[in-house]
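Here's the structure, in structure tokens; my notes come after.
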Amino acid sequence: MRSQYCGALNASHINQEVTLCGWVDRRRDHGGVIFIDLRDREGIVQVVFDPDGKDNFALADKVRGEYVLQVTGKVRARAAATVNPNMATGEIEVYGTALTILNEAQTIPFPLDSYANVGEDVRLKYRFLDLRRTEMQNNLRFRGKVTSAIRNYLDRHGFLDVETPILTRATPEGARDYLVPSRTHDGKFFALPQSPQLFKQLLMVAGYDRYYQIAKCFRDEDLRADRQPEFTQIDIETSFMSQDQIMAVTEGMFRELFKDLMNIEFEEIRHMPFSEAIAKYGSDKPDMRIPLELVDIKDLVTDVDFKVFAGPANDPKARVTALKVPGGNEKLTRKQIDDYTKFVGIYGAKGLAYIKVNDKSDLEEGLQSPIVKNLPVPVRAAILERVGADNGDLIFFGADKHKVVTEALGALRCKLGADLNLYTAQWAPLWVVDFPMFEEDDKGGWTSIHHPFTSPSCTPEELVANPGAALSRAYDLVLNGVELGGGSVRIHSPAMQQAVFKILGISPEEQREKFGFLLDALSYGAPPHGGLAFGLDRLVMLMVGASSIRDVIAFPKTQSAACVMTDAPGTVDELQLRELHIRLRNQKKEQPAADAPEYGM
């Protein structure tokens, strides 16, 4: 139906006859000459119809926005005065000699202009129109280039693309599963995979050595800007490779991706222990573009007559920390400080103490703060020295339980970086390593930091003796404060796997019921293996500069995990429910389509 794409035409096509197909982006009637901007996925070209072609001109006069056209004409150079430098095809136009209206279009509910202020709910309701916008077209085309480049890299490095099951069984991986009732197995359910984790490990046991998959995964969890109930991850697993080797081959892929697609070259990516990330940046995914650090001052305030500091300073589970903002005296108003005090309250902080350094040589009168009178002069001097304060700086303080201070000041650090535009680079990748194996839950038990298949850096006996001290052989790749993904060396010994299950409170009976197939596989000569997974949606979101992963997914769900275009999830008829042996409990007469039904057997 066509000979060229609209956006692919250029001066080399002058005097050639072409046939184009596309949508009407804009139509203009200038003194008896009709101009139509015809759009396809490659771009826009101007088509001209004049009264000399009587039938075509009459037809062009009927054309409206978003009509679908087929146009035949001759490419010609534009007059110098009409060249449009803002269009890739701005030097040429097509003089139309034939026109066919392939389909008409109703008036669209919102303009497709890139700068149109359209609510996201409307965009998602008419996603098939929203996807026509240049921004969305560019995002999805770029996403395709990313997946193609990843496949090419992994293929070259000997990885095999293997699909794993979508219908599987529920396993504890940290989030709620999406369950699928079985019609043929009364009372039983499949689960949609949160990741291909166990299957890719089994492929290593089976001897496939290097596996990858662009995998669809599902998690029934609360949504944020960078979360979706169904998402895509770049899943990788290898055998007979050390942690450093796995990280190196992955880093090579990451660096090649940015160089080839964005002309950005990264130096070797820094490795940072988890403990340093938490201590200095208040996060296990620190944004290294921000030149602010948390500084612990607990030892300096243990004996002060100021309970706000002294209490946490003498509590082994608490933390007293300073965060210096260079030049903060002039940059931050009292109202902003009050706003930041409210902000840290989101993370459980009871307040936000601060000191303004007006003259550090005068420790009596040169410091401005509601709390400074509670700190002896030697303590003031020690704090200024430790944080490296200069005149004009402002120092924030956090004093509370370790988790509260870490999260509150870590978040404040990121907010200050954004609000004051403190970024020192456009991109800052980082490997975070040496994670703890476990963390304590609210009931005093242990939960896995990553997942229960991560290998520790110690023996099973040492692990059981002191779970809280054990470090894992895990690693996360962080970019600009966003966790792109992570992985670990896996457990390949049945004894070690059973030791981890025991620490997590999984009984031998439950181990056999839920993980018997894995324990069996590990007992039949499982090789040392490890891998990782990247969130493709998050990666593309960062690379194109989108504010949400919904802008890099063709048909995403809303913040409430619904599709407003198809009204999914929806109700099903009684016959289907009976076939699945399901009865709805507390069913409403008119249940909104976006509400998930509550299942009861």
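Glycine is treated like the rest: Cβ placed from N, Cα and C.
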Of Gln213, Gln228, the one that Swiss-Prot places in the same ATP site as Arg219, Asp220, Glu221, Glu483, Gly535, Leu536, Asp537, Arg538 is Gln228
For the region 'Aspartate' entry in Swiss-Prot, name the matching range from 197-200, 417-420, 565-568. 197-200
Within 10 Å, the Cβ with the most other Cβ atoms among the binding-site residues Glu221, Glu483 is that of Glu483
Tally of helix, strand and coil residues over the region 'Aspartate' (197-200) according to DSSP? 4 helix, 0 strand, 0 coil
Counting other CB atoms within 10 Å of each candidate's CB, the least crowded of the recorded positions His30, Arg219, His450, Arg490, Arg538 is His30
I'd like to confirm something. Which of the recorded positions, His30, Arg219, His450, Arg490, has a Cα closest to the Cα of Glu483 (ATP binding site)? His450
Tell me, how many other CB atoms lie within 10 A of the CB of Leu536 (ATP binding site), whichever protein chain they belong to? 24
Between His30 (site 'Important for tRNA non-discrimination') and Glu221 (ATP binding site), how far is it from one CA atom to the other, in Å? 55
Tell me which of the binding-site residues Arg219, His450, Arg490 ends up closest to Leu536 (ATP binding site) in space, Cα to Cα. Arg219
